[in-house]
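Per TrEMBL, the features are as follows:
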type: DOMAIN; residues: 2-145; note: domain 'SPX'
type: TRANSMEM; residues: 250-268; note: transmembrane segment
type: TRANSMEM; residues: 280-303; note: transmembrane segment
type: TRANSMEM; residues: 315-332; note: transmembrane segment
type: TRANSMEM; residues: 338-356; note: transmembrane segment
type: TRANSMEM; residues: 377-399; note: transmembrane segment
type: TRANSMEM; residues: 411-429; note: transmembrane segment
type: REGION; residues: 470-494; note: region 'Disordered'
type: COMPBIAS; residues: 471-486; note: compositional bias 'Acidic residues'
type: TRANSMEM; residues: 513-538; note: transmembrane segment
type: TRANSMEM; residues: 544-564; note: transmembrane segment
type: TRANSMEM; residues: 576-596; note: transmembrane segment
type: TRANSMEM; residues: 608-625; note: transmembrane segment
type: TRANSMEM; residues: 670-694; note: transmembrane segment
Amino acid sequence: MVAFGKKLKERQIQEWQGYYINYKLMKKKVKQYAHQIEVGTQDRRHVLKDFSRMLDNQIEKIVLFLLEQQGLLASRLIKLRAQHDALEEQLEISQITELREAYRGVGQDLLKLLYFVEMNAIGLRKILKKFDKRFRYRFTDYYVKTRANHPYSQLQQVFKHVGLGAVVGAVSRNLHELQDRQGSYLSIYDPPALPLQDPVVDSIKAAVDRLTNSTNFLNFLAQHALILQEELPAPIEEHVDEERYHFMSLLLNLANTFLYMVNTYIIVPTADNYSTSLGAAATVCGIVIGAMAVAQVFSSVYFSAWSNRSYFRPLVFSSIVLLVGNTMYAMAYDLNSLTVLLLGRLFCGFGSARAVNRRYISDCVPLKIRMQASAGFVSASALGMACGPALAGILQTNFRIYKFTFSEDTLPGWVMAVAWLVYLIWLWISFKEPSRDIQENTSPHASSSQTAENNALEKGLKQPLLVASEEMQEDDEDPEGDGSEEASEKSHRPATSIKSAYRLRTPSVKVQLLIYFMLKYAMEILLSESSVITTYYFSWSTSTVSIFLACLGLTVLPVNIVVGSFISNMFEDRQILLASEIMVCIGILLSFHIIIPYTVPQYVCSGLIMFVSAEVLEGVNLSLLSRVMSSRLSRGTYNGGLLSTEAGTIARVIADATITLAGYLGQSRLLNITLLPSLLICLSSIVATCFTYNSLF
């Protein structure tokens, strides 16, 4: 890849230049192999053997240099240990401070070594993927299995970095002993140990986490936000991030996310009653609920573009539009106008600022807490989804003030209007617009100083070496292979339109977006028609529907804890993906009403299976999508988050329209007719998954 090759060359530590993977040579050899096979001068067997030997030589060069550097670090630590022991008899603050700085110096050099391993790991993964793609052969699986599991494996040094782990432990332990109570000498192994507050150790831990194939709940949840990162981020000074970051502004963005999700789902339990009170059919609730999603299809684009220039103004505009939209929704009853009701929901959709919320986290939150902020974004969405129906269940009252009616139908609109008014005041007082000058004046290659170099070490790829997904992204590759500067720059530019962003998808990205569309469609069918279905079959009250929907929403975080902390460490993403799709399909099948009387246990159990499986599927799907999507979609207006949002929003629009159209055939047929498209799309996604990830079989 031209883009990666250029980055690799630019970001190499100059004195170690000869020890990096020779990506340019290997890329050239792959091209030569393809030509030789085409003209018949070489057979495939010889090519595989020759390429394996070349990879072995490259890895040996990297590993031997790595061992040499580990030895040098170990020698420095031995000398520091001697100085450390000498201080036990005679404590002097100046000497302790000097020793701590020396340990930090070793830590900084250790960071450089970890980044060296990381860059080579990325290069190795990419050249293997390039070989697989060119020759239509799963060479990666063969190579990794034969090399990684061998007792004398050199590849394991890159995978597990055992020696580096020992150096990490030595640096961490000694810095811990010298922390705060200088001379007290606490151990990191003695519980309860005081937390080690040292930025060098934090950076080392982050680098080690990136190199190990470990998944935790926070990381798994953060990937749901689909805030994509550059594969090899530029070494921008950390103080730039710090100057742009403002905690209260981040909190306001998360509050906007939470309120918007509450606003989306607060009307679900009462939308059918509201439609009926205005003289429409109960199934018109599909259009009422879906009107917000229709507007969001367009608002996501202009809010994403607006966030290129400002964050404060789009949030203010969003709050005002949502205030007006909810007021219109609430007043539609007294005006006896279905048109006003629909316009109110459209206005609410036009106020969707989720693109701004994502963009703020991506652009203005420091890298060291960006994962937590992304997880906060997803958690705020999940809590909003649960709180919306729960709040609707509480608002069971009926009274009038002057000419305005306050009932279970109109109160969601009034409550949300007040909430957005309070939010607008809070926003106006507390939000701090980040400086654009810092971002514009900072070049990716502006500094080669030691500080910038060390900061760059913290910003590597989150992905482990040799990710299991077959279709890792290569769309920033120079198609001609000429290595020209112009081709490199062009291939690395952000997408300039939805159309160009959509063209960047590979077969696996197409499958992930199809799965995302399917699960959003199935979930919207389940949620939006819940009030109509349960009223028709079980005569549930609004409160009962609200409790059911709130309980579904509350499963989101526990399910993600289980998947992120346990299941994702036991199985490959592709395996969880297929299993979840099958479970969604089973949930849909169990939901059909065929011959036997439809019962509450059948509806609740099938709905729970479908919803929980869809939640698992969404988490794994977005986790996988964040790894296979083009790095060109990590920035700009038409980014990966916008692309996935549009796919999900369109699915919701179609689902809500399906409910309303099916309503013309009668409520007795509504359930089966709306479930049928869900089943067909789900089966299509299962087939597409099996076809794309055929290595499962």
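In case you wondered, yes, glycine gets a Cβ from its N, Cα and C as well.
Just so you know, TrEMBL annotations never went through curation; they're auto-generated.
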Highest-contact recorded stretch vs the transmembrane segment (544-564), from 315-332, 338-356, 411-429, 513-538, 576-596, CB pairs under 8 Å: 513-538
Candidate ranges 280-303, 315-332, 576-596, 670-694 - greatest C-beta contact count to the transmembrane segment (513-538) (under 8 angstroms): 670-694
For the transmembrane segment (315-332), sequence-distant contacts whose Cβ falls under 8 Å of one of its Cβ atoms, 6 or more beyond its ends: 252-253, 256, 259-260, 263, 267, 274, 278, 303, 338, 340-341, 343-353, 356, 404, 410-414, 416-417, 420-421, 423-424, 427-428, 431
Most Cβ pairs under 8 Å with the transmembrane segment (280-303), selected from 338-356, 576-596, 608-625, 670-694: 338-356
Cβ-based contact of the transmembrane segment (576-596) with the transmembrane segment (608-625), 3 or more pairs under 8 Å: yes
Folded-back contacts onto the transmembrane segment (250-268), same chain, C-beta under 8 angstroms, at least six residues removed: 274, 288-289, 292, 311, 315, 318-319, 322, 326, 329, 345, 348, 351-354, 356-357, 360-361, 364-365, 373, 376-377, 380-385, 387-389, 391-392, 412-413, 415-416, 419-420, 423, 426-427, 430-431, 527-528, 530-531, 545, 549, 553
Chain residues outside the transmembrane segment (670-694) and at least six past its termini with a C-beta under 8 angstroms from it: 283, 469-471, 507-508, 510-511, 514-515, 517-518, 521-522, 525, 529, 532-533, 536, 574, 577-578, 581-582, 584-585, 588-589, 591-594, 598, 655, 658-659, 662-663
PLDDT averaged over every residue in the domain 'SPX' (2-145): 79
Distant-in-sequence neighbours of the transmembrane segment (411-429), which means Cβ under 8 A and at least six residues beyond its ends: 252, 255-256, 259, 262-263, 266-267, 270, 312, 315-316, 319-320, 322-323, 326-331, 344, 391-392, 395, 397
